[in-house]
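A quick write-up on the structure given underneath.
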Amino acid sequence: MWTDLDLALRIVREAAELAAAAFASDTLHVRHKEDGSAVTAIDLAIEDLVRRRLAAAVPDDGVAGEERPERYGTSGRRWLVDPISGTADFVRGRPTYSVDLAMRDSRGPAIAVSALPSLGRTMAAGRGIGCRVFTGSHETTARVSTQDSLRGARVCLHGKDKPVLEGCVVVDGSVSVLSLVTGEADAIVVAGAELDEFDLACLPVLVEEAGGRVTITDDVVLATNGVLHDAFRAVLPRPTWESNPVSTLLQSVPRPS
């Protein structure tokens with residue numbers, strides 16, 4: 001698993017340099033896709049770079065990206081590329097975008113690397129080997145908080161159906177996953193947001209390897225420090241908690257039809 005994580009880190013770091021340079025430039029070519037979301041030339045350039053590096057290193061693995069057609073593999077492993085996660089922030093000059101790369105195998109989510117190029121932070125995790133945060137060349141082990149009460153719990157809220165959580169403290173959610181895995185937030189709640197597999201690909205491995213828990217349903221995405229997970233489930237509006245805690249969206253390894 002370390003070899004796969006090291007590979008992902010190398011690729012994402014290279015891609016993050018491209019993203020940071022584009023973010024700092026004066027010229028950014030933006031177009032809008034059919035769904036209204038923005039895509040830039042750097043989205044395409046980064047995805048192409050990641051695909052080339054993966055094709056050279058792990059040619060039997062599948063690769064799916066936000067901007068290009070899927071390449072099906074034969075190994076049972078599938079990489080997911082979100083070249084610029086948070087393109088809207090990127091084009092507005094907000095430094096909270098990320099470059100995300102994740103890998104799944106027959107057992108589910110296995111590898112996740114998420115870089116915040118303009119903030120100089122990178123999160124990297126592998127199933128069973130923990131989560132690390134890099135700030136430049138400095139590396140620390142990521143660990144969620146030990147907060148054990150909803151009263152005073154720090155929550156990042158996202159989506160159009162944000163719940164009212166009595167006693168909790170709503171905190172800045174601009175880098176919510178980083179905040180959760182470093183213990184600066186205690187939970188993330190996403191309600192009423194249209195998310196796809198690329199939006200969610202890195203979340204389970206990063207959070208769980210930092211000691212937290214993740215539940216993904218059709219209604220809500222809940223990520224917590226683990227200690228508070230059941231308490232949040234009890235007070236949130238009634239989503240379908242019986243759904244697979246890491247939905248089939250995050251488990252399937254598609255085959256060509």
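Any Cβ shown, glycine's included, is placed from N, Cα and C.
Note: TrEMBL annotation is automatic and uncurated.
Here TrEMBL flags E66, D82, I84, D199 as Mg(2+) binding site.
D82 (Mg(2+) binding site) is surrounded by 29 other CB atoms, counting those within 10 A of its CB over all protein chains shown.
Each of the binding-site residues E66, I84, D199 was ranked by the number of other C-beta atoms within 10 Å, and first place falls to I84.
Under the three-state DSSP scheme, I84 (Mg(2+) binding site) falls in the strand class.
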